[in-house]
Structures are given as C-alpha cells and as structure tokens.
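Presented below is the structure to which this report refers.
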Amino acid sequence: YSLGIISVVEKFVIVGFPSLQPEYFDLVAWFFFFLYVTTVVGNLLLVVVFALEHSLQKPMYIIMVSFSTVALPKLIARYWWNDGSLGFHTCLFQEHMIHYFGSLNSLILLTMALDRYLAICFPLRYPMVMTNQTMTGLTLFCWVVAHIFSGISTINFAMMPFCGPNQIIHAFCDTMSLTPLVCGDSRQGFRAAFATAMFILYVPLAFIIFSYICIIISVLGMGRMKTFSTCATQGCIISIYYIPRFFVYSTPFFPNLTMTPDKRIATTLFYSLFPPLINPFIYCLRTKEIKQIFRRWVQKRKGITPTKHGQIVAMTMSH
C-alpha cells in the first residue's frame with residue numbers, strides 16, 4: 001500500500017545496464033567497488049583534515065564536506081551477487097535521496113559561486129560578510145531546502161499505483177526509471193517532477209553564470225589574471241554537473257534526440273559519481289594550504305620540522 005492507494009508491486013529490481021553480458025558482471029562490480037571506496041575514503045580524509053586543522057575552518061572549505069554514495073552499494077550487489085531487489089518503500093527512499101543530493105549539489109555549487117563572487121568582486125567586504133557562521137548557515141539552509149524539492153517527486157510517486165512490471169532499467173531508483181512503471185497516465189506527475197528538477201538545477205545555474213560573468217569583468221578590469229585559477233576548479237565541476245543532466249532530462253522532449261538505456265545510465269552515473277570522486281584530488285592538489293598541511297604531516301612522520309625561517313632541519317630523536 002502507498003498512502004491509501006493500492007500498489008501490487010512490493011519490490012523493484014535494479015537491472016543496471018541491460019546490454020551488459022554476464023561474463024562482465026564481476027569486472028563491473030569491482031570497478032564500482034573501487035569508485036565507492038575511493039570516493040568514501042577521499043572525502044572522509046578531507047573531512048578529517050578540516051576537523052583537525054583550524055586554519056582550514058573558514059568559509060571556502062566548509063562547503064566541501066557534502067558528499068554521497070547512495071546508489072553504489074545496491075549496484076555493486078546487483079553485479080556481484082545478482083541481488084538487485086529493493087523493497088517498495090526502500091526504492092522510494094533511494095529515489096528521494098538521489099534527487100535530494102542532486103538538489104543539494106546544485107545549491108552547494110551556487111553557494112561556492114557566491115563565495116568566489118564576494119571574495120573577488122568585494123575583497124574588502126568579504127571577511128565581514130562571508131564569515132564562518134554565515135557559510136555554515138548557508139550550508140545548513142541548502143541541506144534543508146534540498147529535501148523540499150526532492151520531496152515533491154517522492155510524494156507524487158508514493159501516491160501513484162504500481163501494478164505491472166517491477167524491473168528498473170537503471171542503476172538506481174529515480175524519476176526517469178520509475179515513471180514508465182506507473183499504471184495509467186503518469187505524464188502529469190512526470191511534468192511536475194521535471195519542472196521541479198529544472199527549477200532546482202537551472203535557477204541556481206543562472207545565478208552561477210551571472211556571478212562568473214561579474215568575476216570575469218572584475219578580474220579583467222584589475223588585470224589579475226592569476227585569479228582565474230581559483231575559479232577554474234569550480235568551473236570544471238559545474239560543467240560536469242550541469243551539461244550531462246541537461247541532455248538526460250531533455251531527451252524526452254526532443255524527438256530527434258535519442259539515447260539508448262545504456263548511454264543514459266552511463267551519462268547519469270558519470271555526472272552523479274565523478275564530481276564527488278574527483279573533489280578530494282582537485283582540492284588537495286590545487287589548494288596550497290591543504291598541500292602545505294599534508295607536507296607538514298609527512299615531515300613530522302619523517303622526523304623533520306620547519307624552522308621559523310622556513311628551512312628544514314632534522315629533529316633529534318631521543319632513545
């Protein structure tokens with residue numbers, strides 16, 4: 001049962017890539033397991049660094065600790081043990097969390113763009129406006145508001161009847177994969193979910209584009225071309241996040257634009273998994289403060305400490 005509406009389907013089955021041959025299941029499972037472990041370990045390492053180092057507890061780093069791997073465990077189980085079954089409400093919960101983290105990422109990217117906009121265009125006011133308390137409040141606001149947008153889609157599906165096929169031709173439960181399984185006309189529900197997704201994705205994108213245009217104009221006016229390097233990382237992540245989503249969500253509305261299920265699943269996994277996977281590498285390699293902290297940790301492990309003048313000397317070890 002689902003909010004008083006009878007739903008014959010009690011569980012769904014994650015199919016994954018429909019064209020994938022069984023002899024490649026183990027290889028795919030190991031691949032996603034490697035992505036899962038790398039993503040979790042890398043992001044947890046960032047969280048530990050931020051927690052231990054007070055110098056990093058400032059606005060531009062607070063927003064980096066949001067990450068998720070909601071879909072991978074069940075996808076790994078599907079290919080490792082042929083266990084792709086999900087209970088009805090478990091599938092709805094996964095659908096909610098998938099869209100929640102998608103909405104959250106969009107709002108977080110907006111917050112990061114706002115942070116860079118204030119830092120570059122209003123450098124004198126930035127320390128007073130964008131304090132740690134302000135950034136923490138904005139981040140918490142994003143975490144709460146994201147539930148509202150994903151909740152609209154979840155409530156719609158919870159009220160719809162599922163009485164036929166239960167195989168989800170996708171890597172996880174989401175709006176695109178659940179809509180074809182609804183009994184009767186699901187176009188109205190899909191339109192509502194689509195409008196919500198477009199709003200939470202592209203309204204922040206419009207503000208992000210506006211902020212970067214202002215940043216470019218400000219940097220060109222000041223002649224500080226090196227400042228672009230602080231925005232290059234975010235620009236790459238924004239492109240990876242938004243462009244593939246546009247093609248996946250817009251395909252049903254363009255008759256000449258078609259995507260096979262395998263291509264759609266691969267594209268969805270790319271924009272869902274790639275940003276949290278590369279976040280630790282990008283920020284550790286491109287952020288000078290984080291690199292200095294790791295260098296200092298390594299030096300301490302080797303018994304080396306920097307002097308006040310920046311020279312490196314060996315520590316005397318007592319026996």
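For all residues, glycine too, the Cβ spot is worked out from N, Cα and C.
What you are looking at is a predicted structure, and each value in this text was computed from that prediction instead of being measured.
Among the features that TrEMBL reports, transmembrane segment is placed at 27-52 (among others).
The feature domain 'G-protein coupled receptors family 1 profile' is assigned by TrEMBL to 42-283.
If you look up TrEMBL, you'll see 59-77 (among others) marked as transmembrane segment.
Annotation comment: TrEMBL describes 97-118 (among others) as transmembrane segment.
Annotation comment: TrEMBL describes 138-159 (among others) as transmembrane segment.
The annotation transmembrane segment is assigned in TrEMBL to 199-220 (among others).
Per TrEMBL, transmembrane segment is recorded for 227-244 (among others).
Taken from TrEMBL, the feature transmembrane segment applies to 264-285 (among others).
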Highest Cβ pair tally under 8 Å against the transmembrane segment (27-52), stretches 97-118, 199-220, 264-285, lands on 264-285
Is the transmembrane segment (97-118) packed against any residues at least 6 beyond its ends, judged by a Cβ distance under 8 Å, and which are they?
-> 59-60, 63, 66, 68, 70-71, 125-126, 129-130, 135, 138-139, 142-143, 145-147, 149-150, 153-154, 172-175, 197, 200-201, 204-205, 207-208, 211-212, 214-215, 230-231, 234, 237-238, 241, 245, 272, 275
